[in-house]
Each structure stands twice: as C-alpha cells, then as structure tokens.
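S.K.: Below are the structure tokens for one structure; questions will follow.
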Amino acid sequence: MLKEPSVRLREAIIEGNLLIVKRLLRRNPDLLTNIDSENGWSSLHYASYHGRYLICVYLIQLGHDKHELIKTFKGNTCVHLALMKGHEQTLHLLLQQFPRFINHRGENGRAPIHIACMNDYYQCLSLLIGVGADLWVMDTNGDTPLHVCLEYGSISCMKMLLNEGEVSLDDNVRDKGNWKPIDVAQTFEVGNIYSKVLKEVKKKGPPLGAGKKPSSFRTPILNAKATFEDGPSPVLSMNSPYSLYSNNSPLPVLPRRISTHTTSGNGGNRRSSITNPVFNPRKPTLSTDSFSSSSNSSSRLRVNSINVKTPVGVSPKKELVSESVRHSATPTSPHNNIALINRYLLPNKSNDNVRGDSQTATINDDGGGGNGGDATIGMGLRKDPDDENENKYKIKVNNGEPRRRVSLLNIPISKLRNSNNTRAED
C-alpha cells in the first residue's frame with residue numbers, strides 16, 4: 001500500500017533523493033514544512049540533521065523558515081541539528097540564510113557553539129568564531145564553551161578557544177556552581193594539557209586583534225603568508241587572499257634576447273623567434289624527385305653566407321652535377337653542396353625572378369646552327385665549342401636576365417625553308 005505523501009517526503013529527505021522531493025513538493029506545495037508530530041521536526045530540520053545540502057538549498061528557495069522561526073519541541077533550530085552531526089557545509093549555508101541563529105539558545109539553553117564544543121567539531125567552531133559567535137555565552141548551568149570543552153574532553157576546541165586570546169585573558173570564569181574550567185576537567189590528562197596550553201598562550205601574549213569581534217558575516221583576514229618560504233608560489237595559504245610577489249626567487253630570470261611571442265612561418269608552422277640563429281636538425285627523408293623544384297613553391301632560394309671553396313682539379317660543372325645528384329639521392333642534411341649550388345645559381349640577392357628555369361640542370365643544345373654551336377646550360381654554364389674536353393667549362397652568371405626558352409616560334413622561317421630544300425635535294 002502506498003504511503004502518505006508526507007511520509008514519503010520525509011523519507012526522501014532522509015535518503016537525500018532530491019528528485020522525489022521536488023516531485024512531491026510540486027504536486028503538494030502545502031507539505032513544504034511538513035512538521036513531524038512526534039518531535040516537531042520540519043523538512044529543513046531533517047535535511048540539516050542528515051547533511052542534505054542540496055535539499056536544504058531547495059527548501060530555502062521555496063521559502064522555508066522565511067516568515068517564522070520553526071523550532072523543535074526541545075527548542076533546537078536547524079543550526080543546532082546541523083552541528084550535532086558536524087555538517088560544516090550545511091552549517092555554512094544555514095548561517096548565511098539565518099544569521100539570527102548564531103547565538104540562539106536551544107535545548108538546556110545551549111547555543112550552537114556549545115554543541116560544537118561538546119562534539120569537538122573544531123572546523124565548525126572555527127566557522128562560528130569567524131562569523132562572530134559569542135565565546136562567553138552560558139547555558140542554563142552557567143557553563144561557557146570553555147567549561148564544555150574541558151568537561152567533554154574536546155582538546156582541539158579548547159586549544160582554539162585559548163588561542164583566540166579573548167578567552168585566555170580571563171580563565172577564572174565560574175559557572176553557577178562556582179566551578180572554574182580547570183575544575184570540571186574530564187581527566188587529569190585533560191587538565192594538564194589545559195594548564196600547559198594556557199601557560200604558553202600567556203607567555204606569547206594576546207594575538208593581534210584579541211578581544212575584537214567580527215562586526216559582519218565575514219571570515220577575518222589574517223596576515224598574508226606564502227605557502228613556500230623560499231620564493232613566490234602560485235598556491236597561497238587558505239587565510240591569505242592576497243600575496244605579494246617576492247623578488248628573492250631562486251628561479252633563473254628569463255633571457256631578454258629571447259622573445260616570447262610567436263610568428264607564423266612557411267607552411268603555417270608557428271615558431272618562437274630567437275635573436276641568435278639556432279640550427280634544428282630535421283628528420284632525414286629520402287628525396288626521389290629531381291633537382292628541379294616547382295615554380296609554385298612558396299619557399300625562395302636564399303644566398304648562403306658560408307664561403308665554400310671548390311676542390312682543386314675538379315671542374316665546377318662536374319662538381320655541381322655530382323653534388324646535385326648526391327643531394328637528390330641522399331637524406332637531406334645541411335652540407336656544403338647547398339652552399340655551392342646557391343653560389344653558382346644566385347650570386348645576386350636581389351634577383352627574385354629566377355625560379356624553376358634557373359634550377360633545371362639539363363643542357364639545351366641548339367645543334368650547331370643559329371648560336372654558333374654554343375651549348376647553354378640552364379644554370380648559367382656555357383660550353384666552350386673550341387674545347388672538346390667536357391671537364392672544361394666557363395661559368396657565366398645570368399645577371400637578373402631570365403633565360404630564353406627554345407621554341408619553334410623563335411626559329412626564323414628562312415632556316416626552316418633551307419632545311420626543307422636540303423632534304424628535297426637529298
């Protein structure tokens with residue numbers, strides 16, 4: 001048999017099922033508070049006690065406890081119930097929404113700070129101190145939070161209260177039974193720890209800002225301190241929202257000759273520009289293409305500034321051809337043949353018109369007519385017709401003039417007629 005919506009809503013809050021809670025409250029908006037008849041707990045009380053943070057947010061958005069203060073039958077609020085289990089995140093949310101509950105007294109006249117000291121929840125105590133909780137508030141027996149710490153053996157909360165300075169200024173406060181805090185210590189060990197910590201605190205003196213309470217809902221900002229003492233750190237301590245940069249850093253200074261901006265190179269690659277040239281070897285790749293390159297290539301030949309000497313006894317033509325063949329058949333690497341080719345190809349830096357025509361290593365021979373038997377090499381080499389030795393060539397550089405292409409349109413018509421007549425006679 002299906003249970004009542006109020007019971008299902010209460011069970012969904014305890015289990016932390018936010019979807020069912022939304023569905024039930026959407027269908028039954030009058031069940032927002034849903035007071036339990038056994039203990040007087042509302043929906044927000046159950047969510048706070050079990051630490052259901054998201055459900056607390058949803059209930060507060062719907063207006064839970066907006067117009068009236070809802071207490072349990074024992075007089076506890078949602079802040080008291082959240083502190084009973086030490087739910088720090090839920091406590092922070094409730095203190096933001098209900099700041100009037102900070103010093104509100106519940107069961108046996110205990111304030112939320114008493115509940116934190118009873119269970120030694122020092123994280124929650126630190127949050128209460130930061131928002132301005134009263135450190136001298138008394139319950140129905142006249143016990144202060146320090147009395148409660150020694151009575152229940154909460155060492156961490158006791159040290160935190162003594163280090164606040166305000167409590168250590170007057171440690172002889174008495175309750176209604178005329179008992180001092182040391183008199184209600186749970187064990188002798190707890191009493192000895194209390195005496196030792198109190199002596200150390202009094203020896204150091206009260207800390208800066210002792211006796212002053214925060215005037216608003218803000219965590220007090222302590223002195224900024226870097227996490228790493230040797231130098232600046234991108235990670236700061238929890239209590240230091242701001243940190244100054246330290247000049248005593250052991251890290252080396254970035255060299256000024258290296259610019260950190262990037263420039264786009266050929267082919268879309270991005271590289272950092274460095275003042276001094278640095279050679280980066282490329283991965284060896286076998287080139288199966290000929291020495292001639294396409295005229296549509298975006299890269300241009302540049303003159304190599306390295307002075308290369310031609311070996312004695314070797315003609316420039318043979319050296320050039322052999323080096324070019326070896327360059328095209330072997331893995332590409334920065335060696336002297338590139339400097340030699342650049343030296344013979346482009347001695348003039350301003351010559352930008354020389355493209356694929358000047359890079360072709362083929363010999364164009366006109367065959368003995370027209371040009372007087374001169375054989376022109378595409379790279380600026382001219383063959384001497386008077387010398388039959390192939391090892392002797394004269395180097396002639398094209399000074400910015402593009403090489404003339406050989407075409408049938410360039411041959412005079414008279415030569416064509418003479419050749420036809422000669423064939424007819426034969």
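Cβ atoms here come from the backbone N, Cα and C positions, even for glycine.
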S.K.: May I ask you to name which of Ser233, Ser315 Swiss-Prot has annotated as phosphoserine?
M.R.: Ser315
S.K.: Here are some residues: Ser168, Ser322, Ser350. Which is flagged as phosphoserine in Swiss-Prot?
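M.R.: Going through Ser168, Ser322, Ser350 one by one, Swiss-Prot flags Ser350 as phosphoserine.
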S.K.: Using a Cβ cut-off of under 8 Å, list the residues of the same chain at least 6 residues beyond the repeat 'ANK 2' (39-68) that approach it.
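M.R.: Answer is 9-10, 13-14, 16, 18, 21-22, 25, 31-33, 74, 78-79, 81-82, 84-85, 87, 89-90, 93-94, 97-98.
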S.K.: Over the span of the repeat 'ANK 3' (74-104), count residues by DSSP class, listing helix, strand and coil in order.
M.R.: 20 helix, 0 strand, 11 coil
